[in-house]
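Peer 1: Annotated domain '2Fe-2S ferredoxin-type' per TrEMBL: 2-83, in sequence order. Annotation comment: TrEMBL describes 85-186 as domain 'FAD-binding FR-type'.
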Amino acid sequence: MPMTSLNINGKSIDAKLGETLLDVAERGGLALQCDCGNITCESTRVTVVSGEVEANGTRLKSTVLACKATVAGDAEIKLPASSELQSLKGHVSAIRQVSDDLIELRLSFTKPISWRPGQYYHVEFRGQERVNMFASFALDAGTEFNTLIFLIERANTPDLFAMIVKKGDVKGRVGITGPYGSSFLGHDDERLIMIAGPNSLAPIWAMALSSVMGQPRREKVLILDKSLKQDQFQQVFNWLNRRGLQPTFVDLQGKNAETELKALLPDLTEFDMVYTAGSHGFIAGLEGIFVEAQATYARIPNFQPWHELEAQPDDASALEPA
Ligand code: FES
């Protein structure tokens, strides 16, 4: 097979034409988390600084998914500055059932936990299948040292939700691995636009809170699907309102979603950074606007129950840019 070389994060690595960027990075000893293996998790998104790669349908502006994109010649690639994966055992330190459909869960560990808003963990409770959940903050914005907080929605993880409600207090040990995901909040200057679809508030709440606290001067826009206007999240909205970030609720699932979003963002440009959280279909339905405006955008796909994904074999192709 013809050979070439990739420069990845400043390191030159021999590469064969046609092999995936992920294989080259791993051979060069560079860590890149590959989670799903089927282009649904967005964990391996890397930036093509120069040169050419075969994106195989995964290109978003200058980025591609390294698990799918292949070597097409010399190229320079930049990996995201991500936290190291940790595999830890912890325990449930608090459970609060907020409503019939939402639980706030705290897991405590003996070591510090490091994650960025927009990232998720594999979480394994005894006797339960592994689930993927976005790290977030409590609804009152509180947090504790060595603690991970998850918002468990019945719609996202019905079996886990039912198990916790049934047992009342789950005191068993819990294993986590993570954080995964490359669509995390960066320290950029661009206007920050955060959009959440149905059952996908957790990562956007984490991002909104972190940006309010850590990036006070950055211009921010928060747009939520109208299905999220629920009493169970009122504390979140109050907290954000008090700090000057007012969510706008709009129907982002209807046939006029693009028009409505455009009306809210008439001045969208390449200097905007957009994060969209939701199902694959939800994200794909809004992306045309960002492509047209050449805004930088990141996908935060939620984890539909696997049977739903299996029922939608074409779902992954819906992610390919038009
Ligand atoms: S491992 Fe490539 S997108 Fe999930």
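Just so you know, glycine gets a Cβ as well, placed from its N, Cα and C.
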Peer 1: Within the domain 'FAD-binding FR-type' (85-186), what mean pLDDT does the predicted structure show?
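Peer 2: When the pLDDT values over the domain 'FAD-binding FR-type' (85-186) are averaged, the result is 90.
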Peer 1: Can you tell me how the residues of the domain 'FAD-binding FR-type' (85-186) break down into helix, strand and coil by DSSP?
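Peer 2: DSSP composition of the domain 'FAD-binding FR-type' (85-186): 10 helix, 47 strand, 45 coil.
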Peer 1: DSSP helix, strand and coil counts for the domain '2Fe-2S ferredoxin-type' (2-83)?
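Peer 2: Final tally across the stretch: 7 helix, 36 strand, 39 coil.
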